[in-house]
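Take a look at the structure below.
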C-alpha cells in the first residue's frame, strides 16, 4: 500500500517537472487571455494513465535504441551517407538499364546463395530520363540475318513468356509484361526481296517461326495495307511483338535486389588502374591496364566513394563510349590498339504517338517498311507509335532529347500514309526521343573483354535491339564472367576483336 | 629469455628510426635474426623441467615450440605486408610494424610466463594490437563489426578467468606454475567449484575457438589484413590451447565429468565447420572455418588429458599454425592480383601462375593432413586418444577427417583448376617475395617431419 503512496507522491512531483499535454494546453489558454476554464474539454483521463503511457512510449524508444545498438542491426555510431556504395565489391556493373540489371540478375541467380560474390549496379539517373531502355518502342523480333541475333531473340522471347517463373518474387505481385504477340511485318521491294528470302531461310533454320507472304496474301491478311511496290513480306508468327520495357526493367531489378545485388545511385567518374606495358607480336609496346577501383560520385555532391572491385561490366548504353574514354581507350597513337576507341555513341531517334480512329485493327503487327518507316499499335484506343531511321547525313543532334516534329511531317507521315492509306487522317498526340547506343562500326553489340583492359567486360552497342536481347545477353555475360567462356550462346563473334581487325559483321536490312 | 625480449623491444625503436627507404628490409632482417636466435630455445637440457629460468619467465617443452613459432612468424608477417602497406604514408607504415612487434612482445611474455596472472595480463594485452590492426587496416566496412565481435567475445570469456585466477590465488597463495605443479589436487566438489572450473576454461575455449563460441573468428580473419590473419590463425588461437594445457593440471578431478559437453561440442564443431567450408564462396572465410575445424580437434585432445592427447594437440597446434598462415598468404597473393576474395572469380590459376600452384598444392595437402606431415601425426594422436576414451568418437573424427580432405581438395580445385576467366589473363607474375614467404612457411613444416621431438612436448 505504501508503495502506491510513494508512486502517487512521485507522480505529483513529476507533474511539476514533466508537463503533461493537458497542462500545456491549460497554459496556452491562460496566455491567450481569453476566458480560461481550469477544466479541459477532454473527457477526463487521470494523470496516472498519462504517466504510464509516456513511460511505455519511453521504454519502447529505449528498447528500440538498445536493439539498434546490438550487433545484428545496421546502426553505426558513424552515420555515413546510406546511399554510398560499399568499399569493396566483386563485380561493378556500370549502367542500370535493362542490360545492366539483366546481367546483375543472372550473376546472382547462378550461385543460388545470398552471400556469394557481391554485385553492385551503379546508375546515375534513377528517373531514367535519358535511358534508352524506357524510351524504347519495346519490340522483340527474330527477323535478323545474323544467326546469333536470332538465337538471342528466341531465347529472350522464351524467357519473357515464362517471366514469372524466372523473375517472380515470393509474396510480390506477378509480373505483367503486356507482351502483345502481334508479330513483326517486314516489307521488301524488288531490290531487296532476295535478301529477305535469304534471311528467311536463316531464320527458319534457327527455329524462328517466320512466314513469307506474297503481296496478294499480304493484302488478304491485312486489307488496310497498300501493297504498291511490295514484292515480299516477312511476317513473324510466334515470339514476336512488343512489351512494356519499364515492367521488364523493374522485374529484373526487383528480382536482382531480392537475390542480394547492391544498387547505388551515382556516376562513375574515374577509374584507378594498375598499368603495365606488354609487347605485341609486332614489337609495339601496348599499355595493359587492370582496373583496381571505380570512383563513384554521388549525385549533386562532391562526395565520392572508391569502390574496389575485381570485374567491371560496361553496360552504360549510349554513354559507354564516354566511360571507356576514361580508361584511355581511343587516346593512344593512331596505329596502335590503344588508338582504337569504342565505336559506340548515342544516336537520337524519335517516336511519335498518333491517334487514328480509322486505323488498322487489333491484329496490327509491328510493320517495318523498306523505306525505313515503322509503326505499331499502342494500346486499345486507336493509338499508334511511328518512327523512322534518319539518313546517315541527317543524324539529329544528341545533346538533348528534343523532338523534331518537322521530321514527322517530312519523312515519316508521307511514307506512312503511302503504306497505310487510313493514316492520311492521323493526328500526332505526343512524341518523345530516345538514344540508340549506336555501334558506328557495324550496328551490332560488343560483348567481351578489351585486350588492353584486363577486367572490363563490354555489353553495349546494341544499336536499337538491346531491350529485346537483354535476358539472353545477361545470361551470356554472366557465364562469361563466372564460367570463363560462353556456354549457352556463343557470342564470340561479337567480341572487340572484330573492331581491331576491321571486320564488321553487318546485319542486312536493319532499322 | 631477455635475449629475445630486449631485441624485440628495440625492434619497435628501429621501426621508428630507420629511414624510409630501408624500413622494410631492416625490420625484416632484424626480426629474422631474432627468429634465428629464438631457435636456441629449442635446445632443452632439462628434459622435463623449466629451462632459461628467470624470476618471471621460463620456457619448458610445452611453451618452447609456441615461442619459436611466434618469433618465426614476425619476419613472415613483415614480408607479407610489404606490398599492400607500401602506398600508405610513412608514419602509418611504422605504426603497423610497431603493432606487429608489440604483438610479438606480448606473445613472448605470455608463452614464457611462469605466473598465471602474468599470462592473463599478456593474454588480454594481445587483444589491443590485434584490434587496432583489424579495425584500422582491414579492407571494408564490416571490419568494425569484426573488431567488436573479436574484442567482446574474448573479453566476455576472460572476465570469469580473472575471477577464477583471483580465487585460486586466494586459496593457494600463489599463481606461479613452478609451485602450482607441485600442489596436491584441490578438493573440488561443490557447485561453486564447478563454476570455478568453467570460469578457468571458458576464456580459452572462446579463444580456441570452441564451436559454439566461434562466431568471431570468421569475421576477424576475413576482415583483417594479411598480417592480422596470419598472426590470428597461427599464434593467437594457440594462446587458447596453451592456456588450457596449463590450467588442466589444476582442474582435477572435475574435468573427468565436466569436460564431456565441451569435448562433444568440439567434435561436432569439426563436422559442422567442415561442412560450412564446403559451401563457402569466400576464400578467406573458407580458411577461417578450416581453422575452427582443426582447433576443435585440438580442444578435444586437450580436454581428454592423456599424454598422447596433449602431445597430439601441441603438434597439431604448431603444424596448423604454419599451414593456416601459409594458406592465408596464398589467399592474399590471389587478393592482391584480382582484388576479390570470391573463389569463383579467380579460378584456373594453374594456367596463369603455375609455380604458385605448387605452393597451393603443398599447403592444401598439409591442410588435409597428408602423411608424413606433422599435421597428420597430431591428428592421429588425438584421434587415438579420443578412441581410447570412447569408441563412438571415431565416427565423428573419421567423418571430420573425410570432410577436411573434401574441402581442402575443393579449395585447391576451385582456385587452381577449371576454366581461366577472361579477366585474369594478364596478372602480375609471382614475386620472389611471395615464393620466399611460402617457402619459409612450408619448409619448417617439412623439416619437422624429420625431428618431431621438438614439438611434442613432455613425452620425451
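One is the number of the first residue shown, and numbering goes on along the chain from there.
Cβ from N, Cα, C; glycine included.
As recorded in TrEMBL:
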type     : residues  : note
DOMAIN   : B:1-110   : domain 'NADH:ubiquinone oxidoreductase chain 4 N-terminal'
TRANSMEM : B:23-42   : transmembrane segment
TRANSMEM : B:62-81   : transmembrane segment
TRANSMEM : B:93-111  : transmembrane segment
DOMAIN   : B:113-404 : domain 'NADH:quinone oxidoreductase/Mrp antiporter transmembrane'
TRANSMEM : B:117-137 : transmembrane segment
TRANSMEM : B:195-217 : transmembrane segment
TRANSMEM : B:224-245 : transmembrane segment
TRANSMEM : B:260-279 : transmembrane segment
TRANSMEM : B:286-304 : transmembrane segment
TRANSMEM : B:310-331 : transmembrane segment
TRANSMEM : B:352-370 : transmembrane segment
TRANSMEM : B:390-415 : transmembrane segment
TRANSMEM : B:436-458 : transmembrane segment
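For the domain 'NADH:ubiquinone oxidoreductase chain 4 N-terminal' (B:1-110), the model's pLDDT averages out at 92.
The DSSP breakdown of the domain 'NADH:ubiquinone oxidoreductase chain 4 N-terminal' (B:1-110) into helical (H, G, I), extended (E, B) and coil residues amounts to 83 helix, 3 strand, 24 coil. If you look at the transmembrane segment (B:93-111) against the transmembrane segment (B:62-81), you find at least three C-beta pairs under 8 angstroms, all six or more positions apart, and that counts as contact.
Through the fold, the transmembrane segment (B:23-42) approaches residues 3-4, 7-8, 11, 14-15, 51-52, 59, 64-65, 67-68, 71-72, 74-75, 78-79, 82, 86, 90, 93-94, 97, 101, 454 of its own chain, all at least 6 residues removed from its boundaries and within a Cβ separation under 8 Å.
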